[in-house]
């Protein structure tokens, strides 16, 4: 479908690193050193919840799940699409990378569907259909040498913004772009990779194939919290993504990491 | 320099309309009806000041001028680049227009210089040098059929975001793009145009040339508050902008307006 030279690395960073500006800037400088086409998706961080509380609005929870009511959507849009996205873009510009920040509304880059109400009304939360991604726009931006930086806010096409899971955005982008690039999807977090022993940070498993993953999961070796993430990752590999990498956000240019691959 | 058919209309809207969501949506639907290439610059609105007060931070003033300290920059970035910019983009998408929101940091679209400290330290405020605008990026976005939507946040290239006057952004964009398009710069506000009598909304002056402006100004007919805006507008005309239009934000598709032109 594509020559292997046409690579694209999609990085996803989460809350922990976003809450620590010095670490975030270190990550951005590391990202600047990664060669080739790149795309970044960032999650939220604790700032939005703190600001909701500072404004006297307790985060709404139903059955232990966070609800995005109108006030929450307002604040998370300000935090994710405003503060965090522009800090990341300005930091990448300072590192010599021509980054361009996007929500799903911008250029109709990602069109979501508000999550239907079944047992719980999650509020203004977006789910992503298979055709959510505006592939021609992203190819155009990438081929111009821009690094698209997505926050986890999308829209539904009728003017409604929607809070959307950043892991899902990264994986849907990876799958949508897989027919056009050899896509590597990098989930960056606070560990060096998938650990064989959750209490031993040095027990990183260097590579896991789909078949090995089934064994590790059946044997209970992969921790419960990792399972939804890895299920998702292997689904992305099935859908055409070349490889998924689980790695430490501050050591993306170092060899220690877990590489997930089809076989 | 360009065939007249290659037009570009740059619209600037200010705080009044941004604070009223119903009016903002009406403006966006009117903007969707304007044919041809378009670009939008939006100012702030009162929301950011209100949120600063809600968070217990009084806006900092020195000699009657607003100071953008770090806390204020944080909030205005969230409001302008987050909330307002994404609401505007999502509203235009709903009206069938492929809008894409930008701060000056995105794609290095507008690079500013922090205002030097003389009598007053304005804080994180950006001034725009003549070469501030990334013209190739904007041409590429416009030629793809996108409508760029700028908030009044820029960057300095070293990772610092800067609060920047929206009128100035609109005029600097107009001048930078004037060699490539027949640019019309539209300042939209709450009146139908420049009034001969400030107390009579029906006294709109339909057209003012540079020579007529000097007479009107000397005769004291043009109100004091309008003078800096119009001085700026005529400077843009001198710099190659085809025409500057002063009009009501909700009546951009109606004939009543003031057109400023060189001669």
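Just so you know, glycine gets a Cβ as well, placed from its N, Cα and C.
Marked as substrate binding site by TrEMBL: A:44, A:45, A:66, A:163. Sequence annotations record features per position, and here TrEMBL assigns domain 'Aspartate/glutamate/uridylate kinase' to A:9-246. According to TrEMBL, the feature site 'Transition state stabilizer' maps to A:12, A:229.
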Within 8 Å of the Cβ centroid of the substrate site residues A:44, A:45, A:66, A:163, which other residues of the same chain have their Cβ?
A:15, A:43, A:48, A:49, A:76, A:79, A:80, A:152
For residue A:12 (site 'Transition state stabilizer') and residue A:45 (substrate binding site), determine the Cα separation and express it in whole Å.
13
List the Cα distance (Å, whole number) between residue A:66 (substrate binding site) and residue A:229 (site 'Transition state stabilizer').
19
Pairwise CA distance, residue A:229 (site 'Transition state stabilizer') versus residue A:44 (substrate binding site), rounded so that it is a whole Å
17
Measure the Cβ-based neighbour count of residue A:45 (substrate binding site), defined as the other Cβ atoms within 10 Å of its Cβ.
21
Highest Cβ count within 10 Å among the recorded positions A:12, A:66, A:229: which residue is it?
A:12
Per the record, substrate is bound by A:44, A:45, A:66, A:163: how many Å separate the farthest pair of Cα atoms?
14
Segment-level pLDDT (mean, integer) for the domain 'Aspartate/glutamate/uridylate kinase' (A:9-246):
94
Those binding-site residues listed as A:44, A:163, and which of them has the most Cβ atoms within 10 Å of its own Cβ
A:163
